[in-house]
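Sequence annotations record features per position, and here Swiss-Prot assigns NADP(+) binding site to Arg48, Arg54. According to Swiss-Prot, the FMN binding site annotation covers Arg125, Ser126, Ser127, Asn238, Ala239, Gly278, Lys293, Pro294, Thr295, Ser296, Ser297, Arg319.
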Amino acid sequence: MSSNSFGKLFTVTTFGESHGPAIGCVIDGCPPGLALDAAEFAHDLQRRATGKSRHTSARREADEVEILSGVYEGLTTGTPIALLIRNTDQRSKDYANIGQQFRPGHADYSYWHKYGIRDPRGGGRSSARETTMRVAAGVVAKKWLAERFGVTVRGYLSQLGEITPAGFDWSAVKDNPFFWPHAAQVPELEAYMDALRKSGDSVGACVDVVADNVPPGWGEPIYGKLDGDLAAALMSINAVKGVEIGDGFASAVQKGTEHRDLLTPQGFASNHAGGILGGISTGQPVVASIVLKPTSSLRLPGPSLDTSGNVVEVVTTGRHDPCVGIRATPIAEAMVAMVLMDQALRHRAQCGDVGTITPRIPGQFDG
């Protein structure tokens with residue numbers, strides 16, 4: 001298996017390279033009857049797109065989706081949905097000098113040893129360009145989850161370098177290019193990124209994703225845990241080096257009396273577990289966080305090796321993001337939505353008729 005497919009019942013297979021003629025995906029397992037047209041993909045794809053601010057790559061792609069199959073008269077048919085986006089703004093000449101060199105911190109060296117051949121143009125298959133189709137598939141998952149269960153999946157940038165939000169307001173996230181939840185800090189972020197870009201360096205970031213209204217019961221024990229699937233899905237995103245569910249690694253310094261999420265008739269008293277216990281959703285918000293490393297595509301020279309083992313000096317030209325975390329928010333949202341839809345369908349297949357006499361308590365109360 002080449003691992004280009006994701007999911008068990010709701011499956012997504014992506015294809016294409018950064019500088020190839022097109023990228024695409026095939027979505028299988030989407031239930032029939034979901035209203036869907038090409039225009040619905042535009043919003044999230046533009047949120048992910050490059051060239052929208054001076055703080056991201058200058059590459060400009062239209063990212064217009066062509067629906068090739070699986071939709072008839074505006075409704076999904078239950079058959080595979082094939083989506084295609086044509087690449088129109090490749091500049092492969094920017095990579096002419098590194099075809100035989102290994103860029104430090106990139107997948108060049110590992111791809112070379114695995115396949116014995118690699119596409120150096122923009123990173124080929126290892127480029128974040130591939131995530132465009134994940135966002136497209138996420139649009140389908142988000143819509144189905146919202147219509148079927150009222151589930152919403154939202155994300156925001158929770159750290160940029162050493163800067164963290166001084167406040168939080170969901171309404172601020174959509175109004176700035178950083179997906180930052182505190183509008184008053186945006187000028188600080190602008191100044192920080194301007195200085196970083198001038199220096200030729202890059203920086204890491206963190207993104208948080210929150211899924212609200214997830215019903216209790218989604219996820220499977222042991223090898224199909226909801227948090228396990230979320231971790232695997234989020235770790236598959238380019239540059240992600242760590243995943244937390246709920247309080248994550250902060251749990252190491254908490255006492256049990258603090259970390260346990262007490263149940264009351266009014267709701268859970270806290271959500272340290274991130275809405276998942278035993279690998280199964282509790283009805284609380286599902287909360288996941290990712291950390292993204294600083295990109296290694298730098299204008300600053302660094303020593304490396306070529307394919308013959310000779311020492312070379314590598315300078316990465318081309319158009320790159322000084323912080324890949326800025327555009328990662330819609331990608332992380334898409335992966336969370338895809339996991340939730342897959343788990344929802346899996347739950348319905350085995351336990352759709354299960355009912356309990358225990359009343360469903362609210363996700364959390366402010367007590």
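Placement of Cβ uses the backbone N, Cα and C atoms for every residue, glycine included.
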Long-range Cβ environment of Arg48 (NADP(+) binding site), under 8 Å and at least 6 residues apart: Asp63, Thr131, Thr132, Val135, Arg327, Pro330, Ile331
Spatial neighbours of Ala239 (FMN binding site) that are distant in sequence (at least 6 apart) but have CB under 8 A: Ala128, Leu292, Lys293, Thr295, Val324, Gly325, Ala328
Residues near Ser127 (FMN binding site) in space but at least six apart in sequence (CB under 8 A): Glu17, Ser18, Asn238
Thr295 (FMN binding site) CB neighbourhood, other CB atoms within 10 A: 23
Residue among binding-site residues Arg125, Lys293 with least C-beta crowding, 10 angstrom cut-off: Lys293
